[in-house]
């Protein structure tokens, strides 16, 4: 495990010294960190836009959101305990208690007499009253006094204008009039304004960038090293993340589009890890571990951003930390990642045999595989991955906004609370990847996971409550069962189909989720206003299991384990062919 030049074992070779781990696990960790940094740079603005007021207003999910930053007042009061708080009689509606005492100072409102002039009446069509008198009144006890007048009853002819006015009043009172339906329909579509479309475009820019990257990957030759693509994507994403706090709305939207482009450029690295570095029976574990990079990008950075916000650290500090981590990981990826196992400096023949066992036979089968558009298993996997990513994208985009609406006002530990749903998903999704699997169990687990997740998303607006936080920890728990369904089906696909299925589903999830939310949620003033959007997305998640149940058959993904392979009786199966292609031992191996 020592280099022939310096004799110092590299940092990423330490796991190989354990009897259970090897070089392949170090490569897996590199791929996980690369995806973790890219997803962190993409999702960080969803929380900081709620916590900090310096973010552009259109970058927030809704216009009714206001920045929540109460930590400054708490520390000012704690640092000066001699402050007289007796003058703050009226309580603050957000943080103070019912008695009007709290950490946030609010100025006392005094009732001063002001002159009030009553407007002219707009309800009388004839005999308007005389000019009203102006009297002194107060804001707390408004009073109006009209002079006593006597008017004579005048007989006048009803003009056409009076008829039209009376007809309008009658039509408004009549509930069955078609004009009332037109007015109601117009009020329902009032939220489809230019401001809503700008917010929609900002959140959908990530999916648009992923679609551009997916198109560009079609023209990239297979000989290109995926580590170089990931290195360029990490560096460019780090630059965009460092500039994000200082950009205006339009520049931030372009930066978000380019960040989505960088995320998809790293997917060939994930496909290479599953196809080249993972043994056949460990492919489900490798793919599950890589997919956990998305929830990990929420569980780590969001509580850290909340902690920095509580200590009044500038909002650009969390962006600087994420940018610096991306640069470090990019250097390690370019330095230590190898596309093929036999290209690695410190690989052993025993580990190479485990990695390569059975893959020569698999490659001969893949050469005769159908194209993607004619493959049933490809569309089944892409649909199921879409349900998985849609359930992950919606809380990461909009859960901080839902918790911060004026009805809930979940202001305490917002970053930690918004990350809670991903804890149960990570644990179940990770451990279930080790269980035995079959075609039938994969279909059952996938169906149960998607249906239960759709039901929980339907109940989310009605059951979410700051006092009884029961639904949030269980929101994504059934989704973890997909590790026994979608992942096991995906690893049976030919290696050329895994990358398109991941790219297509990730792009569609990031592109369609903002449309459902911004076009169906009228405002963020009440939690029940989310009912239509959560119901639609819950139905879509549940429907994603239908192709898996109806079209998946045993012959689509037969079991591929090392125990079912024919006996290893030639050089190609045990990895000796790759060992013979290595350069002389004095160059790379000690």
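Glycine too: its Cβ is placed from the backbone N, Cα and C atoms.
Here TrEMBL flags 126-143 as compositional bias 'Low complexity'. The feature region 'Disordered' is assigned by TrEMBL to 120-150. The transmembrane segment annotation in TrEMBL covers 28-47, 197-220, 229-251, 284-304, 316-335, 378-398, 410-432, 444-464, 470-492, 504-522, 528-550.
Comparing 28-47, 197-220, 284-304, 504-522, 528-550 for CB pairs under 8 angstroms to the transmembrane segment (229-251), the maximum falls on 28-47. The largest share of C-beta pairs under 8 angstroms with the transmembrane segment (28-47) comes from 284-304, of the ranges 197-220, 284-304, 410-432, 470-492. Each of 284-304, 316-335, 410-432, 470-492, 504-522 was scored by its Cβ pairs under 8 Å to the transmembrane segment (197-220), and the highest score goes to 504-522.
When Cβ-Cβ distances below 8 Å are used as the criterion, the transmembrane segment (316-335) is approached by residues 12, 30, 33-34, 37-38, 40-41, 44, 48, 227-228, 230-231, 234-235, 237-239, 241-242, 244-246, 269, 301, 304-305, 308 of the same chain, each at least six residues removed from its ends. Counting residues 6+ beyond its ends, the transmembrane segment (410-432) has Cβ neighbours under 8 Å at 47, 50-51, 68, 70, 94-95, 288-289, 291-292, 295-296, 298-299, 302-307, 309, 392, 395, 399-400, 403-404, 445, 466, 469, 472-477, 479-484 in the same chain.
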